[in-house]
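Trainee: Structure below; questions to follow.
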Amino acid sequence: MQASISLSISSPSSSAITRSDPSLKCFSINAASNTVNLRFCGLRREALGFSALKRSSFSNRISSSSRQKFSTKISAAASSNNGSAAKGFDYDLVIIGAGVGGHGAALHAVEKGLKTAIIEGDVVGGTCVNRGCVPSKALLAVSGRMRELQNEHHLKALGLQVSAAGYDRQAVADHANNLASKIRSNLTNSMKALGVDILTGFGTVVGPQKVKYGKVGFSDNVITAKNIIIATGSVPFVPKGVEVDGKTVITSDHALKLEKVPDWIAIVGSGYIGLEFSDVYTALGSEVTFIEALDQLMPGFDPEIGKLAQRVLINPRKIDYHVGVFATKITPAKDGKPVMIELIDAKTKEPKDTLEVDAALIATGRAPFTKGLGLENINVETQRGFVPVDERMQVIDKDGKLVPHLYCIGDANGKMMLAHAASAQGISVVEQVCGKDHVLNHLSIPAACFTHPEISMVGLTEPQAREKAQKEGFEISIAKTSFKANTKALAENEGEGLAKLIYRPDNGEILGVHIFGLHAADLIHEASNAIALGTPIQDIKYAVHAHPTLSEVLDELFKSAKVNANVSSPVNEPKPLAV
């Protein structure tokens, strides 16, 4: 599940993005057929320094002696996962926190030949797997099916007839819990199989390159590491005046258990978390009231996309809302009384209204989980709970100096509170400790809200882009395409949707892409990768998309963009297909 995004538009100062070295497991050699199979893995594409060689010529030119050397190098690296750490240390890398960020960093570190340990005080998988992304998607899968089965008009248009749909609440809850357990097990097994030491207990930094960990009631263990990564994640943020009882006033942690489906639930906050839960609850029969402190719903989204999403996701459903108000006091239901919510005007602070509902979900974002890390032992102070870091995720102390060999990734640093951002940051850090400079471009990291239909975005919103353009002295342009012109969307009778491109017409730079529509979360990655690789619009126009697919929404979007005629970009010469 995504929490709030904190993203500064000044962050992409590092326009040169270094791409990672590969996993050694990303290619194999078939001696019998004299072929080399390169399997490029995400950012890890520069396979052992051969990124400049063309794939078509690589297998023809490599000699048998070279293949033997490569085989030896792969075997040696694979066997080093359980080898010795750098001299004088127990480990090359210790990671505090086994969420998605820590897991991604651990796997990449092992692939780089680092002796690695990961410390987890709760359960492997962290928030994303156990209390966030994974179980919430299980619930959203159920809500999506329910919406389809309940939409008689939609089904009739397809020629289908379905009797009244129903659901088993406990079975739905079990589906979410079982999925989390399965993914948690997969993460644990993947680390164990690669030789990552999983250490149980709460990790604390006790000094430079030194960590202690242990369970409550047991003696602590102290280990040393050449490098340390803090990846402790976040917890639900509960504002003052809100009393959470876990039954009638709940956070997302409680909501994912789906212990009940209230008739009427107030959701405080209309960001990703609140919007996704509104989708779940309304599909299962609840009425929802949004309480939003800002003057509009979905304030974190591009305004144009937000307006369309409100028209589709809010207005037709059993949802009402109060904007520009604070919930200053929320009292759980007790003694036969409902949940009481006192509202005040966000600007004047005058009393506005009192709501009586069956339940309240606090979806006001997430707070970093950084207490007890022992940061005071290394002269580090958190800022609003977040660990301060530079663009390479290296921790900064209270004197403004970089702390050697100490990094912080994910929600704990607050740069971008998304699970996949944490993983990308972790991989970037491993590149750093292996001696290769790597700066992650956060503007290339996509985000998604898994409502029905979905919302996705990457880069800047239109207001952010206009502010940046005014500050730096360039023009921006907007291109849009509709799902109503897409054959695949129309075939599924899901033509409601919009894709929006924000770009520079002078050089074709993609500044932002926002999508609302069927499978938007899957479609955004073409734009994300284009930003990450620095691909201008005039180049991506030549990409070929299968017909009929939803990907053609983006194909039409890029082709509709108007880049200045004097901007040229070479197109690769076509090559004959191998027979």
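From the backbone N, Cα and C atoms, a Cβ is placed for every residue, glycine too.
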Trainee: Looking at TrEMBL, which of Cys41, Cys133 bridges to Cys128 via a disulfide?
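Mentor: Checking TrEMBL, the candidate bonded to Cys128 through a disulfide is Cys133.
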Trainee: In whole Å, how far does the CA atom of Gly269 (NAD(+) binding site) lie from that of Ala419 (FAD binding site)?
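Mentor: The separation of the Cα atoms works out to 20 Å.
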Trainee: How does the model score the domain 'Pyridine nucleotide-disulphide oxidoreductase dimerisation' (445-556) in terms of mean pLDDT?
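Mentor: Taking every residue in the domain 'Pyridine nucleotide-disulphide oxidoreductase dimerisation' (445-556) and averaging pLDDT yields 97.
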Trainee: Excluding Gly269, Ser270, Gly271, Tyr272, Ile273, Gly274, Leu275, Glu276, Glu292, Gly365 themselves, which residues in that chain have a Cβ inside 8 Å of the centre of the Cβ atoms defining the NAD(+) site?
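Mentor: For the NAD(+) site the neighbour list reads Ile267, Phe277, Met298, Ala363.
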Trainee: Return the member of Cys128, Lys137, Ser234, Met417, His547 nearest to Leu275 (NAD(+) binding site) in space, with distance defined Cα to Cα and candidates limited to these recorded positions.
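Mentor: Result for Leu275 (NAD(+) binding site): the nearest of the recorded positions is Lys137.
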Trainee: In terms of Cα spacing, which of the recorded positions Ser234, Gly271, Met417, Ala419, His547 are within 10 angstroms of Cys133 (disulfide bond)?
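Mentor: Close recorded positions: Ala419.
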Trainee: Sort the recorded positions Cys128, Ile273, His547 by C-alpha distance from Thr232 (FAD binding site) and give me just the closest.
Mentor: Cys128
